[in-house]
Every structure is written in structure tokens, then in C-alpha cells.
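Below: one structure, written as C-alpha cells.
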């Protein structure tokens, strides 16, 4: 595959290498693999708002639209040959039924405009809906890298989502907490991309045994990516 | 004292008064008289005038003469503790007069079994809070419980009216009036500037336009002797800046020594900690001096209150945690450290000194800096002139109404037409249009989004008979878990070495600490060890400069009324007599080197300093309005190419520094301060502002879009924080007219952004700006310039902070590439409003 001109290193992106593959962390929370013209995003959680509404919490119904807007902007800019959605793209099995028709059309347009659109299945969407374009796989391996929803302990060259990593740093008596990429050189966990997806602190027990000690985070904040070693981070709650 | 009318006060009650050596006060008789005629009444009296008894007396008489079962009188207080206190105080007369009356409290702390029993076998008198009332009204048996209610007493009405809790209560009263049309309303209030507003609030006719309410009788308690207020004239020089009045501690201590009991009021909890420490440093006689503020553990506070009531303490350093309610033994002197910020507040605080009406209260004001000298003087004159701060009533919150509508649906299916009539009979909602009401109702029912996507998930369903009903029991459960309008920062308990709990601090403050950091709390220097089991673990001692708890809130801005007085005083040298000599000299120098700010216009000074250009605006509109002005002004200066670098706001002035001065760029002051900054710039800033985000979070919580965090719930399973910021961002972009955003903007217009006040100010100074271009700093500008570096500018520039931290790490790793550290005093917002994913 040819390298796309717009998948280049910029001041706002951060470069990293995973098992020999040169990757770029975009401040939007998307990961770019220029050599393969791949754009990867995790945990879109489309229709999370309406899932809450069904349970009586009337969150705004615009999260799908907002997420697709951001994804469309990214695709228009990076022009990837392949888009990988790393699971939990839909908040639940009935998400597509609840989606506004305009959003459905929008998503169909997006999947049709990319040469290869891949839905990797996740725990929220073990069977991503049909009829929206793209193909469904459980996981995908390309060269040294494997893309899947949930990280597996000990896996090497693995990119996953699922955990919604976020990191917090205490600075001069104050605290900043944002979504982040987390990686240890062998595996990488992507931040959640969806508009209504919160973050789980990378120091939480849920990350235990997945990342090697001394891992690094790439924190996304206000259009930039900031790098911090794990020993600089602060937990949300002590364990 | 007038002899009470025998017809009004029955013999056994009169006998009880005599047995105590009392005679009923005229205002107590007047309250009985109003009750006899079935009239509602507002009693305005200073603390200690037998106000509470006056409120209850008619009910005691009624129940003594015509004993009956069922709920007769409902008493509502803003404080749980006050409800408990009042219930205890009533036990005595009830027991001594052998009245067939059962009085009980009901708050969030009341055990479930007792709460159940209270609904089936209600006491005659129930003491509760606005939140507990809202809950009671949402039960399907509310009608039965309240049907025979005769009287509702609202204590500390001045502290409730005009707040969201007051809105909720007003809506609750409207419902009560429907359930029990015969019930009288009784308001008890401290002295206020405009009783008409409280009368209107109490009225059942729902008018808020200043026309006097004719269905509520105004009863005035005898006002006490004129208070003796003095300003401390320190032997030390009055400091240029700062808020702690450390220069005067020795002199304050001397005053404490000379009195039996002194109450020392400060404005913030951080101040309380520092002043307490400083007093103990000079406490050579080991006088029992205690500390009392809202973050301390309840047991600790109760201990202090108990010791105070028993007369065991010589002094207590306190914040507004002692502003309300609870009576205790005589206080000889009230000391206000730092400027009082408002004359009503000062009067209420002075009222805590001496609860014997015939003796004057004594108070000492201790200004902490030079501007505060002026402010204290203005406050003292206001007390003498009996002028108080009046705040225009604001319309009731839409978020509160949303909560109420859901609660009413939980009680029983309602007809929207009828409920609308009921709602507009509550004063805060009197001006609400039917369209607005329908918007809120639509929000409650389906979310009210323009997209209309949630029709199938409605929480309220329209029945065939035209009534709206809750869609299912889950909706009611959700409502009951989230009732109330008090939103606060998440708190963490502070525990000493796995020993006793010292109190609670805002979670974000703890999150900004790293183990080993020290801070002042509960009157001692503590070392932070870490967070364990949801508690901050600390040890005593530690070294280095303490980080004083930077608690949220607690800082009220200077009121408009006091600001006017300060401006008038500055402009008129004849009023300077009696000010400390160094302050007078300061003002004379200002007149000589620049000019004095005039009374109605605006003085703007510009001068160079340390390679930067400074602009100082003497606006006197309070910290919040200045903060907003600073944000807007720097935006505009950016556009004009002035290169603004930062600003600092105090209660009195705003200082901005930039690379170039306005005149370098041919910008005149009228253009810089033009009112149109409240247009697009304001919109743009508000959208990003952390204050708006915080406001939105509170609105979303009250309106029931996000759940409250209940203690113990956080740790269930894998938790992902879900910030209300995410909702805010999406909503603002896709549904900018949504009712939640309207409610947020309305809140922001007052409150932290104080846009309303800023707007009045810009209109007032239009065409009246005096610009003085100086070659160096003016005397009047010194205090604000000293504040730079001391004050943090709340802003959204997190990126700078992150860049600085990253650069620091890079420099550590690769010293040869080290870049200069970016200085930043910006502060990051804590994430709030979590949901379990």
C-alpha cells in the first residue's frame, strides 16, 4: 500500500514505534499507521446517549452525530485506505435500530468512501450490525501488528481498545486528567474515540498485567499529544 | 412591655411565660393575632428576640385549645442541625405546659423505620428541610399526609429566598397550598434591605414585581440597641495587599484577652486555618481558642459548639458555618477579620454578639489591607445608616422546576394546565410563560431535544384523560435518589494516621497533592501520606511551607451597595478623616501622582513596569465581575494586537499586562471598554469557560440528566468516569437552544461570572472613562500589582501547564536540549459528574 501524504508527522502528533512499525498518535484519539495507510479508532460507542435515555437518563441524542463528524473530518484529512474500528463501535446490539436515519446514511457514506472498512467485534457489539458497510472480523493481523478489541496478557505487537485509558498528572498543586494512548513498546491501548465515552485511569487495577512496568502514555489534550512516563501519573483513587 | 391580650394568650400559656419570668413580646402577640385571623405572616427580627417561639406560639395555642391528631405544623429550616435544635428547644415549653403535642424531626439522617411511621402516623409538628419536604410531596400519599396541615413555618427565610433551594421550597409551598388551602405561611427572617421581596416570596399570589403582597402580614420585632462597631486602628502599618491581617494578630489577641467570649469571623476556610494558627502563636496565656468551619468533622464542630454553649471557650475562629441559626450563650465581642463584603452580612454577624436585645452588640472590624480599610469604613457607615444590600430577585431555575415536575408526576398524574397555574403561584416562577413551562415539561418527559429522538423513551406519558404520569416505578426511584439542589464538589475524608477523622476537603485539592506535601487543616500542619480506602491519610507535622487548603467557594464578592459607598468615599477627601494616617497619605499621594477614581465613571491607568505595559481599571464591581471583564478584555486586546500576557482581579480593581499599550496601537479606552464585548466575545468565552462547565454540571445534576454520586457507590466494579463536559460539548454544538443550556446561561449571568453586574457597569461608565497614562505605577495600583503571583487566574489554558510539565521532563532527560520553563499559574478543572459505564 502506498503512503498517504496527509499521514505525516506534525507538531500536534506524536510518533512511536511498536514492534518495528512506525505509528502516529493523533490528538483526536485516532492512531495512524502511514506505511499501511491505516487509520484506527477504538470504542466509538455509537448510540450511547439513546441507551441511557432508554433507562431514563435523557442524555443528548447527538453523540452518534458528533462522533461521526469527528471521524469524517479525520478521514477527509488522512485519506486512509483502511479504517479499523477496534470494537465497541456500537454501544449495544440494538444501537443501529435506534440510530437516526440521517446518521445511518452518513455512516454508510463513510464506509463506502474507504477502500477497506473493518469492524472488529467487541464485548458491546459481538455482532456489529449489517447493512452499514464494511466487513466484520474478530481480529486482524498485519505484518508485526495485531488489532483486537481486548488486550491479552503477554501479547506482542498488539493494538486494542476496550479499557478507555485516561491519565492524570498532578502539576503545581493542580491536576489534569485526559484520555490517552498507553503503550510499553510491545502493545498499545487506544483511547476511546466516542463523544460520550469516559476514561479509566491507566493506574486502575483493570490495566494490571497488561502493560509492562515503565510504560508510557500519550495524553491527548486541546489539539496536542503529551508524553508522560507512568511514574509521573497520579491515580484517581488510591488502590 | 405591653400586657398581652388575655383573649389571645390562653391562661396556661400566659402562666408558662410568667413561670419563666417572661412576658410575651409584642411581636409574639402580633403573630398570634395574625394566626387567629388565618393570615400568613412574615416576622423580621434580629437573632435572639424570641423569633422561633413567635413562629410556633400560635400553633402551640391552637393545639392546646383544640387537641387533634395529624400533622398540624411543618417547620422548614435550611440546616438539618437547626431543625434538630428547634425540636429540642420546643420540647421544654411543650413538656412544661403539658401540651398534647408530639414534635419530631425528619431529615436525611432519620432512620427508615421512623420515616415510614411519620407518614402513617405523623407527629403534630414536623421539623424538616426543603429537600425532605420535596421528597414527602413526591409520595402518592402526600395528599393524606398534608390535607389537614394548618401552618408552615420557614426559618431563616432571608437565606433561602433567591437561591435554588428557595426555588424548590417555593414550588413545594405552592403544592402544599393546593393540598391544604387553609394552611398559613409563616416566614422568619433576619433584618433585610427590602422586606417587600420576602413578603412577595411568601405570598400565595405569585407576584414578584415589587407590588406589596396583601395576603401576608409584616410583623417587625423590636430592633436591638444600636450596635457599637469599631475599626481596629493598628499600631502597625496597614499592609498594601493580602487577606489574612497577620499584622494585627497581637492586637486582636489583646482584645480576646479583655473579653469573656469573642467570636472571630473570617471569610474563607483557608483564612480560618491561618488566623487560628496565628492566634495560637501569640497565645501566651493558653486561652481556650477553638476553630469552627464547614470542612471539619461534624463531631468536632459539635464539640466546639457544646464547649461554647457551656461558656468554656474564650474565642472561636469561624466562617459562615456559624452565620445561621444555633443560639448559644452570650458573646461579648464579634471580630470580623478581613472586609465583610456586604453590609447585610455584617449586620447578621454582629447580631451574633450578645443575644440580649437591650444591650448593644459590640463588634470590631479588622481590615487586612488598604482597600479593606475603605471597605470596612463603608460597611460601618452602612450599619449606622441602616442601609443593607438588596439584590434583585432572579427568576426561578429551570433545572429546579424540571426536578419538581418529575416529583409531582411521582405523586400523582397531573394535568399540565393545572400544574402550570400552581407553578406560577410560586413567586420565583410568577413570570414564567406557558411556553417556557411546556419546554421544561417536554424536557422532563422526553429530554426535549430538537432531534426528538427519544419519544419512545419517555419518562412521562400522556394518558387518555389528559394527565401526565410517570412511565414506571424506575422513574420514581431515580427521582428520589437525586432530589435536592445542593451540588457540591466531591469530598474526601481526612484521617489522621488511620486514627480519627479530622474533616473533609474537596477531592480536587487532595488530588493536587503528592505524598509528602503539607497543608494546614483542622488547625494543624499535616503531611499528606496518600489516599487509602477513599480517605486522605495524613500525619501530624512535616516541614516546609504548608499548602493551605484552597477550598472552593466561600468567597463572596463585594456587594454593589458597599462598592458604591467605597467609590463615593474615595472621590471625596472630606470623608477621609478618621482613616488611618498611612491610608490617608496613600490617597493624597494618589491624587498628587495620578487622579482619584471618581464616583460614577471609571479611572483607567496605564504605565510601564518591568518591560511590560500595565493597565489598571478601578471598577469596584467585585471579584467575579472583574474576572469576567479580565477574560473579555484580554480577548479584545489580543485582537487589537496589544499582546496581553495576563491579568489579575481583586474585589476592587482589574490589572492587565501586555506587550504593547493601547495608545501605542492607537486604541482608545472607550473602544476597549465598549459594551459590545458582551456580544460575540462573551459567547465565545462562555463556551470554553470552565465556570460555565461547572455551572452546567450543577444544572445537569439538578435537572436529573446525570446522577448524583452517592457515597459508597463509586467503587462498584470497573468504573469509568463520564464527565458532564462531554454532554456540554455535544449539546452546545448540536442543540444550542436546549433548556439545559438556557438554564446554564441564566445561572452564569449571576454567580461566578456576574455578567449582569458587568453589563450594568459597562453601561454606567460609557463616555465617562478617565484615562491616565503614567510613567510609573501609581500608589493606588500598588496593591493589585502585589497580588500578581499570589492570585491564580482561573482559566482554561491547561495546555501551557502540560507543556511546562513535559518540558520539565524533557529537560531532566536531555539537559542539553533544555528549554526555558514556561511559567504558568493556570489551574485545571477537576472532572466531575461521573457515571458508571
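Backbone N, Cα and C atoms are what each Cβ position is placed from, and that goes for glycine too.
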TrEMBL annotation (region 'Disordered') - matching range among B:798-817, B:818-837:
B:818-837
DSSP helix/strand/coil residue counts for the domain 'Helicase C-terminal' (B:248-391)
63 helix, 23 strand, 58 coil
Give me the mean pLDDT over the domain 'Helicase ATP-binding' (B:32-210), rounded to a whole number.
90
Residues of the compositional bias 'Basic and acidic residues' (B:101-113) by DSSP state, where helix covers H, G and I
2 helix, 4 strand, 7 coil
